[in-house]
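Taken from TrEMBL as is:
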TRANSMEM  B:35-61  transmembrane segment
TRANSMEM  B:92-110  transmembrane segment
TRANSMEM  B:122-142  transmembrane segment
TRANSMEM  B:147-166  transmembrane segment
TRANSMEM  B:172-190  transmembrane segment
TRANSMEM  B:197-213  transmembrane segment
TRANSMEM  B:265-283  transmembrane segment
TRANSMEM  B:314-334  transmembrane segment
TRANSMEM  B:346-379  transmembrane segment
TRANSMEM  B:391-407  transmembrane segment
Amino acid sequence: MLEVQNLSMRFGGLLAVDQVSLDVQEHEIVSIIGPNGAGKTTVFNCMSGFYKPTGGKILFEGGEVQGKPDHKISRLGMVRTFQHVRLFSQMTVVENLLVAQHRHLNTNLIAGLLKTPDYRKREQKSLDRAAYWLERVGLLDLANREAGNLAYGQQRRLEIARCMVTEPKLLMLDEPAAGLNPAETKELNRLIVSLKEDYNVSVVLIEHDMSLVMDISDRINVINQGRPLACGTPDEIRQNDDVIKAYLGEA
Amino acid sequence: MAAQNLKHALFCAVITLIISYPILGFNLEAEGINIILNGAETSTIVMVFLAAVVVFLFQLFRENIMATLKSIPTPLPQANKEPMAENKRARIESWVLTAIVVLALFWPFFVSRGSVDLATLVLIYIMLALGLNVVVGLAGLLDLGYVAFYAVGAYTFALLSEYFGISFWMSLPLGALLAALFGLVLGFPVLRLRGDYLAIVTLGFGEIIRILLNNWTSLTGGPNGIGGIPEPTLFGMEFGRRVKEEGNTSFHETFGIAYSGEDKVIFLYLISLVLAVFTALVIRRFMRMPVGRAWEALREDEIAARSLGLNRTAVKLTAFTIGAFFAGFAGTVFASKQGFISPESFVFLESAIILAIVVLGGMGSQLGVILAAIAVTILPELAREFSEYRMLIFGAAMVLMMVWRPQGLMPMRRIHIELKKQE
């Protein structure tokens, strides 16, 4: 469903991403790994529309999306999280989820002022969906807390829930396990797998936690210094000499 | 320790002297065509030095004094009370607000004309501040040229009535819509800017409008302003002693009561009250609608908001346009109240005062902004006796607020949303 062909991104004299290609099939978890500064997040930023790539193509469900504005890409069903949690921290947990459903709501100002039946129906539906996902990530009791007051692990889960209420087809997670303890990482592992199995969402994952990556990925892409280094199943990657030298290290 | 205290205390005392002696210790007096600098009366100078001594002593023994103050037990009745249940609090709040509005409806019939006039001004400022609160408090866009939209509203009415004889009630929506249009047109190129840059561009826009009004003499009368702006009518009834316009009747004759100049003032007050309540209610609804949440989301984290499919430009433009719309409203009422407007009324200081109201009240909080609007408009009137020191008092109040309550009089509180448990 997603195909990235020869993606390049140049910042002045720096070629941050050089001819990276990857593809994601439906119902698949694909990881991108590599040393810090390898250009993984830059690839994400190009895919989600924050950067306009200087070369290459990004096809989502057959249509070219490179260079489109970010909010349009997200409306197509490609939604991302961030390396550092980016919640609306002064808004409550529910409000965070309601904002995410903006495009499913009746945003006509007059309809809202008059509370037309359609407006109320959609508003209720979005509340139900929010409640469902809060229950799913175990935050229902904290629904009216300010998001900034949650514990770090809870904020991470809220961020994923906030993506899921938009009903995405492809979820891009940027280091979701960063800063989590082993128990929380395990929980995250189960959550991501269930997103794929139960909600039919494809996942692109950037992560440094190798146990998580090896455990849940269907395929792995390795990037080093902006260039693609290897691509394959977890087992193949584990055996690959180049990858061991550049990133995994000798055991 | 003691030596350091002494040094600090001396420093504070000297500062006190430096600040207060030139202000209070000299008098400028006119003698013929010359202005002569005289020393103030001895008693004033004694007071200044006394103040310096008090500051010196306080700073010297500050720790002891503070310790004594702390040891006095302060009774805190709320200390071990549970916070009120959310729905109960909301109910009480809405009852109190309704009561205040009802009270405000009948209040003008029992007080002086001057107070009613002042109250009308307060209501105009409330409208302005509520509108700016959308832009600054909710959407987080620092707008220093808000007064421009106020001017657009006022001049729309003034010009329409001058050239086409259009009445207040027709101009009210027209002025607001035209102001909104200006907001839209200005917002479009400007909203890609953020923070300081946005502030500077909006500041410039505010000045451009004022200077344009000042110099387009053939249309606006320039610095001479526009006079003879009609007062609002009640179903074709005029409030003047004599009917000015063909086909209208006069209020006091229709009802067979004696003419009173106060009727007009009270009527304008009531219109302002209705419009202010309307403004507050509409914006309150907006805050709870998707658009209101989108404003706040964009203020909190623009990148995250965009990644969730929010169109930055559209969301910011609605905030800007809606803010401008209500400024246009306020402008129309203002023009009608004054009967005369000139560019003088729309200087940068007005923008600054409205912004001060929003910040003092607590960004995003409607109740806070309303309270602050009342305080900022009425306090200078009450302090007329100290007219020379008004700005000084205003500045001191601002500083004290920022020290003790940087979040404003009444910080915004989140609404509580009940969720149904999902199966």
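Count begins at 1; order follows the chain as displayed.
Cβ atoms are placed via backbone N, Cα and C, with glycine included.
TrEMBL entries are annotated by machine, without manual review.
Put simply, of B:35-61, B:147-166, B:265-283, B:314-334, B:346-379, the stretch with the most CB pairs closer than 8 A to the transmembrane segment (B:172-190) is B:314-334. Counted over residue pairs separated by six or more positions, the transmembrane segment (B:197-213) shares fewer than 3 Cβ pairs under 8 angstroms with the transmembrane segment (B:265-283), which leaves the two as not touching. Sequence-distant contacts of the transmembrane segment (B:346-379) (same chain, at least 6 residues past either end, Cβ-Cβ under 8 Å): 118, 121-122, 125-126, 128-130, 132-133, 136-138, 143-148, 150-151, 154, 203, 206-207, 209-210, 213, 280, 283-284, 287, 296, 393-394, 397-398, 401, 407-413.
Using a cut-off of 8 Å between Cβ atoms, the transmembrane segment (B:122-142) and the transmembrane segment (B:92-110) share fewer than three residue pairs, counting only pairs 6 or more apart in sequence. If one looks beyond the transmembrane segment (B:92-110) by at least 6 residues along the same chain, the residues whose Cβ comes under 8 Å of a Cβ in the stretch are 84, 116, 119, 265-266, 269-270, 273, 277.
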